Amino acid sequence: MVSLTIDGKDITVAKETTILDAAALLGITIPTLCWLKKVSPTGACRVCAVEIEGVDRPMTACNTPVKDGIKVTTQSEKLSRIRQKIMELMLVNHPLDCPVCDAGGECDLQNACYGLGAAKQEYGAVLERRKIRYDWPLIESDPNRCILCEKCVKVDHEIVGCNAIRVVNRGEATIIDTVDGNPLNCEFCGNCVAACPTGTLISKPFKFRGRPWAFTTTPSVCPFCATGCQIEYHSRNGRVERVTSDDSTYNSGNLCINGRFGYSYINSPDRLAEPMVKGQKADWNTAMGTAATALKQIVASHGADAVAGFGSPRVTNEDNYLFQKLMRSAIGTGNIDSEARLGFAATQKVLREMLGIAGASTTIDAIDRATAVLVVGCDLNAEATGMEYRVIKAATKNNAKLVLAAMRDIKLKKFANSHLKYRPGNETLLINALTKAVLEEGLENKEFCSANISNLSDLTAALAGVSIADAAAATGVTEADLRAAARLVGGKKGVAVIFGAELMRGGNTDAVKALINLALILGATAGDTGGLFPVYEKTNIRGLLDMGVAPDHFPGHQTDGTTFEKAWGKKLPAAAGKDLWQIIEGIEQGSVKALYLLGCDPVASFPEGERIRKALEKLELLIVQDPFPGEAAKMAHVVFPSSVAAEKNGTFTTIDGRVQPLAKAVAPSGDAREDWDILTELYNRLTGESRIHSPAAVLDEVAALVPAYASVGRTGGTITAQPRSGGLALAPVSARAVAGSPTTLLVGTILYHSGTTTTWSKNNLEIIPKGYIEIHPNDAAKLGIAEGGKVRLSAGSVKVEGTAKITPRVQPGLLFAPSHFRGMNVNALLSRDGGVVPVTVEKA
């Protein structure tokens, strides 16, 4: 610790502390321009100059560490003159085009000039106009306005890890530009725009939309991935025109392309604006009446079991709660499910059985403090970018060892100490081999295992027959790499284990169990550094299941419906309902006559899409409640146009149990209505009971019936349960090598889109407008396929065509295609068994 005096006030701080940070602890504000708390200091602007007794020149407070016994002065006439001159010199080369600059009203340079009293200009220069970069997608760069603070470069390199821009040239010719001088080719997260203190970097979609004070700012939650970033909608005249995030938020103001630019789906001209009945526009009374009458008739003729419904991770907790209440209480059916059946529901069941948790073992900020990170079967860049930022922070700021296990090269590889690029279908074998390597080398967390695990010997015995060398060869890695990976993650305190779609898709839980075994022997669930983190692409997947949108449990994962029967005053279905695939089979067999789709499009988004399409054609009643005219909506008998996240109040629950409120920024598009409002009216028409009048009232009902949500108020809260300790039972699983097929297709997410939602966003489509198929150069050469050429994939009777993208990111024999695009619809090639499928590939 170091003791010093600042402006006559004594303070003791850690020796690595800067003068700027020490002053802040005393409540003393030192002006800055180039300093940004979340990145390393640059010391470029020198506005933070301070005097230190005994030092013959002013020092920059942002990057000068404290020393014992020094006396610092932050405010004096001398410092005021210095700071004013610094500002005047900056303005010599600044165009002063404030009237037409998009940063006007929120420009740090303007504010600094005003705050420091820089009201005159004694200097002059002949300005050489520099070329404005209009050729970048989504972002415009005007180097004439740049003050060379380098905040954009620091954010790009240190937080995003993209390394797309840099400082180029020297002296008066210095500018910030792309690394190769070509148009910007990056992740288009816009974090550089947010960091820019002037109008050098601006959002092209927001350009000339208005001055910042003309917009209403509404704090909310990002509606895309399960990271749950906090955002602000900026709206005017009923339109959301911008999304930002403050650095004081849980996500430190960092967003991805979807969070910052994906908002344009809200304003899509393709939005459903009016109810429809049998393909014709109708008013709400007609649509509601048609749906209610048809549901009553089907229940009367065929029983309540003839009705089913799919909920959605895109809608709020309140919406999902009301949906399952409508199905169970008003209709009398337990046939309720969602896309969680495609993997996350089975994973959650294992987490609950083995650890007593419904999601992550702790909040995701614990990743920042991890000493080792293991990422398995997950492209964090695409599935949860906000979590990827935290892994990068752990690796670069905390020197955490990073091990990846993924079928493809992913962005995190540049930060990784080890990358186990395994063959498709061999996840469980790979994890078992890694676990055995940890145990063989004695790198398990012995203290945690001794205190908490009851059957470590069972796991050791189960792995006795596993040859690490044979497993390595079968999975496509080397024994040396496997053992090196074990040493990187083993023997550490504070291990974070993260896993995603490659492990969860299809609901085969062996790989998940194997990974939890590994996480436990590493002690990953102990303490507040590291943890166990399942990852899902869509924001409210955990809340969806917490609210009881599942055939086998009520809200709060309760299997006894007595509490809900008393609260709702209805006899509820005694047996578990049909799950997703049983519902589809029921439609095919004719026992399920009606299907209600809330915020989902199974034809475009689920595996076996063509089979599902044919099944939906057999229904007597298909109700679709959605903001967009997807494939299922085109087939619907009744369409209810609904709201998106920016048009409603409610809550989302993140994968790590943060229940966060979202606030209504604008009214629903056209004649669309909020989901909860639609559901409560239909409930009223079916039962005659009075309507619930607000999402807040729904949350109150949830809090009264679901113990985990009892402490969650209308402003949110955290429901993360601590994993069980003591008596934990490992779940040994066996695995054999999977030879695979000559060509395997992996279907997954990409950074630039989220589900099908962002395919309605013109901003996202500007970057990636259509689907494609990644193919290894060797495979492309064998088939005579050129970059950009047409490729045809076949699985059974289903055929899909797409554009070839030749890349060594995929291994030979493996193809990758993004799941988002309805026109290409590679999901139709998949079966219910997972996200990979053997395919035949040919030049189209």
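Positions of Cβ are set from backbone N, Cα and C atoms, glycine also.
According to Swiss-Prot, the residue from C62, C98 that belongs to the [2Fe-2S] cluster site alongside C34, C45, C48 is C62. Put simply, C152 is the one of the binding-site residues C152, C222, C229 whose Cα lies nearest to the Cα of H94 ([4Fe-4S] cluster 1 binding site). Taking the Cα of C62 ([2Fe-2S] cluster binding site) as the reference point, the closest of the binding-site residues C98, C152, C189 is C152. For the recorded site, C152 ([4Fe-4S] cluster 2 binding site), the DSSP three-state label reads helix. For the recorded [2Fe-2S] cluster site, residues C34, C45, C48, C62 set the reference point as the centre of their Cβ atoms, and the other residues of that chain within 8 Å of it by Cβ are T32, L33, W35, P41, T42, G43, A44, R46, V47, T60, A61, N63, C149. Note: the CA-CA distance between C152 ([4Fe-4S] cluster 2 binding site) and C107 ([4Fe-4S] cluster 1 binding site) rounds to 15 Å.
Other C-beta atoms found within 10 angstroms of the C-beta of C196 ([4Fe-4S] cluster 3 binding site) number 24, with every protein chain shown included. Looking only at the binding-site residues C45, C101, C107, C146, the one with its C-alpha closest to C229 ([4Fe-4S] cluster 4 binding site) is C107. Restricting the average to the domain '2Fe-2S ferredoxin-type' (1-78) gives a pLDDT of 96.
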